[in-house]
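These notes are about the structure you will find just below.
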Amino acid sequence: MTTDTTGRAGNPAAAASPDRFRYGFLKGNPQLTKNGELKHLLSIEGLPRSIVNHILDTAEQFVSVTDREVKKVPLLRGKSVFNLFFENSTRTRTTFEIAATRLSADVLNLNINASSTSKGESLLDTINNLSAMHADLFVVRHASSGAPYLIAEHCAPHVHVINAGDGRHAHPTQGLLDMYTIRHYKRDFTKLRVAIVGDILHSRVARSDIHALTTLGVPEVRAIGPRTLLPGGLEQMGVKVFHNLDEGLKGVDVIIMLRLQNERMSGALLPSAQEYFKTWGLTPERLALAAPDAIVMHPGPMNRGVEIDSQVADGPQSVILNQVTFGIAVRMAVMGIVAGNSD
């Protein structure tokens, strides 16, 4: 499903670019209220460090909820959260549903395949109808970059929008849970060297992580991957680019591995998965090039034997499953914060 500038189902080539949605019809920062509080979470880009830290601090308070016998707090009691996933997702949709339920919200998961959008209704008409049902918060995943911005501009004033991933553009809650994970294990962002490895070209997670890391003051962010899978402009963002995995991993404190997003590739950008693993897969031998206490992360889904060896994924330096656990607390924090702010 893609949208043109009117929000109707359309040709992928006609889908609006992220820049249009960030800088076209929206002025200022569309995520913030007039008082500078977070009303929507659409992207980490442009958020002040104070808001990012506020989200991480709030998430820390929610982590303990997971260990309680009754895993609920009444923060969103009486609120309705609509999960609108126009792209398939298991992990993200499930963690948002768990997070909303633990905040005592009423949760609706829209069945996109059976919805009016699959029958030709425009995206904006769908959003307007759902707003009329007195939804309080939309969690949106969409194949078109910028779709959550379009929804945030046109939904009812009382509705809040959280971007759960839009095209190649952004995945802000994944970026935030990655930052929470790093902070949990490393504490001081200003002394870290962080490597992001793999298919950065097609990764909305990589973009969100880069913006979050630079916002939080990480002095050295490295992008490591084959030339065909690295976007232009990384150096302008302050990122060091490496085309050799062994060189790029030397001395890093955090390694974020990315899967190959074959569904977003339009041509033969790489050889076989086996050849990719030989050159770009994270093995125990390559992990040894990093700092002795380096942590290994992955946003999932993980392809063992392609971008990461099972010994690394299941090893003592892997914090991949903890990312999932922390993700619930981070998404609770985001929903709780945005739902409490309005113009």
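Even glycines carry a Cβ here, placed using N, Cα and C.
Copied from Swiss-Prot, the annotated features are:
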type	residues	note
BINDING	Arg91, Thr92, Arg141, His171, Gln174, Gly300, Pro301	carbamoyl phosphate binding site
BINDING	Lys119, Arg204, Arg259	L-aspartate binding site
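Positions of the features from Swiss-Prot, shown on the structure.
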residue: Arg91; record: carbamoyl phosphate binding site; contacts (Cβ under 8 Å, 6+ apart): Gly300, Pro301, Val324, Gly327
residue: Thr92; record: carbamoyl phosphate binding site; contacts (Cβ under 8 Å, 6+ apart): Phe85, Arg141, Ala164, Gly165, Thr173, Gln174
residue: His171; record: carbamoyl phosphate binding site; contacts (Cβ under 8 Å, 6+ apart): Asn163, Ala164, Gly165, Arg204, Val205, Arg207, Ser208, Pro299
residue: Arg259; record: L-aspartate binding site; contacts (Cβ under 8 Å, 6+ apart): Gly198, Asp199, His298, Gly300, Pro301, Met302, Asn303, Val306, Glu307
What DSSP gives for Arg141 (carbamoyl phosphate binding site), in three states, is strand
Given the recorded carbamoyl phosphate site (Arg91, Thr92, Arg141, His171, Gln174, Gly300, Pro301), which additional residues of the same chain have their Cβ within 8 Å of the Cβ centre, ordered by sequence? Ser89, Ala164, Gly165, Val205, Pro299
Around the Cβ of Gln174 (carbamoyl phosphate binding site), other Cβ atoms found within 10 Å total 28
If you draw a 10 Å sphere around the Cβ of Arg204 (L-aspartate binding site), how many other Cβ atoms fall inside it, taking every protein chain shown into account? 24
Per 10 Å Cβ neighbour count, which of the binding-site residues Gly300, Pro301 ranks highest? Gly300
Can you give the largest Cα to Cα distance in Å, as a whole number, for the residues Arg91, Thr92, Arg141, His171, Gln174, Gly300, Pro301 that bind carbamoyl phosphate in the record? 16
All-chain count of other Cβ atoms within 10 Å of Arg141 (carbamoyl phosphate binding site): 24
